[in-house]
Structure formats: C-alpha cells, structure tokens
Amino acid sequence: MPEQSNDYRVAVFGAGGVGKSSLVLRFVKGTFRESYIPTVEDTYRQVISCDKSICTLQITDTTGSHQFPAMQRLSISKGHAFILVYSITSRQSLEELKPIYEQICEIKGDVESIPIMLVGNKCDESPSREVQSSEAEALARTWKCAFMETSAKLNHNVKELFQELLNLEKRRTVSLQIDGKKSKQQKRKEKLKGKCVIM
C-alpha cells in the first residue's frame with residue numbers, strides 16, 4: 001500500500017523484548033502472542049477519519065536491535081508521533097530509550113510540539129518490577145512527554161495509550177473513539193477544530 005501524504009505516522013521504539021509488537025498487535029488486531037519473535041520492522045495501518053476526510057494511522061513497529069541505525073533515523077525523520085516503550089521489569093530497557101529520545105530531539109528539533117509517550121509495559125508483572133512508576137513519571141517530566149503504564153497481555157491501557165498520544169497532537173485533531181464515548185478533552189478539541197475518529 002503506497003504511503004499517502006496525509007498518513008499520520010507513529011513510530012514505536014524500545015529495546016528488544018519490551019513488548020512493542022505486542023502493544024501494536026493488541027491495538028490493531030486485538031491479539032496477544034506469548035512467544036517472542038524479534039522484529040526488523042513492521043508497519044500496521046488503521047483507517048481514521050480526520051477533519052471530514054479519510055486518512056491512515058500508520059504505526060511503525062521498529063526493531064529493538066541496534067544493528068539498523070539508518071532505519072531508526074528514517075523512522076524518526078518521517079514520524080509525526082513517537083511511543084517509547086520500556087519494560088517495568090528491566091531498568092536497562094529504560095536506559096536504552098535515552099539515546100533514542102536524544103536522537104528524536106536532534107532530528108526533530110522542538111520536541112515540545114511533538115506527541116511523545118513514555119510507556120512502561122508489562123505492568124502485569126509487578127512483582128518483578130525494577131522501575132517505579134514515580135521514577136518514569138519524573139523522566140517524562142524532564143523529557144516534556146506523557147507517561148503511561150500498560151499491559152499488552154491483559155489489554156490494560158492499550159487503546160488509551162494511542163488515544164492519549166493522538167490527544168497530544170496540537171497541529172490537527174486526531175482521535176480514537178473508545179466505545180463510542182468521547183472524553184471532555186476530545187469534545188473541547190472538536191469544538192475548536194474538525195474531528196478525527198478511528199473507523
């Protein structure tokens with residue numbers, strides 16, 4: 001499927017095994033797989049309506065490996081929004097996001113206007129937690145981005161993650177409708193602009 005100029009591109013970054021693919025597959029297809037299959041790069045698409053026209057939410061699930069720096073740079077340069085995923089059971093996976101965030105800043109410039117979510121996945125594995133949510137929240141404040149904990153396995157906060165990411169978009173109105181209900185924030189944005197809804 002050729003890329004359209006009005007595609008809304010979201011890139012998902014994080015170390016290998018943190019659950020990037022699991023989050024994306026849970027959101028797009030509603031499925032979860034127990035086995036770990038390393039990703040080189042996959043793209044998933046979801047049709048959304050945006051300001052009364054159709055556009056595509058294009059989600060790029062990037063590799064957790066450091067072997068493909070050119071692909072990583074390309075995903076950043078083409079991306080409109082970013083999801084930075086670590087596992088709450090691995091401090092190392094949080095540390096590995098720092099150079100990725102720095103690269104986003106370097107390529108994109110003013111990151112305050114770009115939707116970025118810091119995501120602590122695997123919150124269903126709390127007994128093995130290495131990263132406290134308060135610590136990740138503090139990092140998100142430093143990075144001026146939003147923060148959320150998720151569980152792809154339990155489908156906890158998965159749709160909400162993508163909704164919140166789209167709510168951060170200030171340049172146009174894009175949103176998911178969760179069970180047909182709109183948040184007050186969405187209603188307020190829709191009064192100000194057109195509206196975007198996942199079909």
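A Cβ is built for glycine as well, from the same backbone N, Cα and C atoms used for every other residue.
Counting every protein chain shown, the number of other Cβ atoms lying within 10 Å of the Cβ of A152 (GTP binding site) is 27. The GTP binding site annotation in Swiss-Prot covers 14-21, 33-39, 61-65, 121-124, 152-153.
Taken from Swiss-Prot, the feature phosphoserine applies to S35 (among others). S35 (phosphoserine) counts 4 other C-beta atoms within 10 Å of its own C-beta, drawing on all protein chains shown.
The motif 'Effector region' feature in Swiss-Prot is assigned to 36-44; the stated evidence is sequence analysis.
Sequence-distant contacts of S126 (phosphoserine), defined by Cβ-Cβ distance under 8 angstroms and a gap of at least six in the same chain, are I88. Classification of S126 (phosphoserine) by DSSP places it within a helix. What Swiss-Prot lists as phosphoserine is S126 (among others), and the listing cites similarity to another entry.
What Swiss-Prot lists as cysteine methyl ester is C196, and the listing cites a curator's inference.
Summarising the annotation, Swiss-Prot assigns S-geranylgeranyl cysteine to C196 and lists a curator's inference as the type of evidence.
Each residue contributes its Cα atom, and for G14 (GTP binding site) and S35 (phosphoserine) these two points are 18 Å apart. Taking all protein chains in view, 26 other C-beta atoms sit within 10 angstroms of the C-beta of T62 (GTP binding site). Rounded to a whole number, the C-alpha distance linking T62 (GTP binding site) with S35 (phosphoserine) is 18 angstrom. In the three-state DSSP classification, S35 (phosphoserine) falls within coil.
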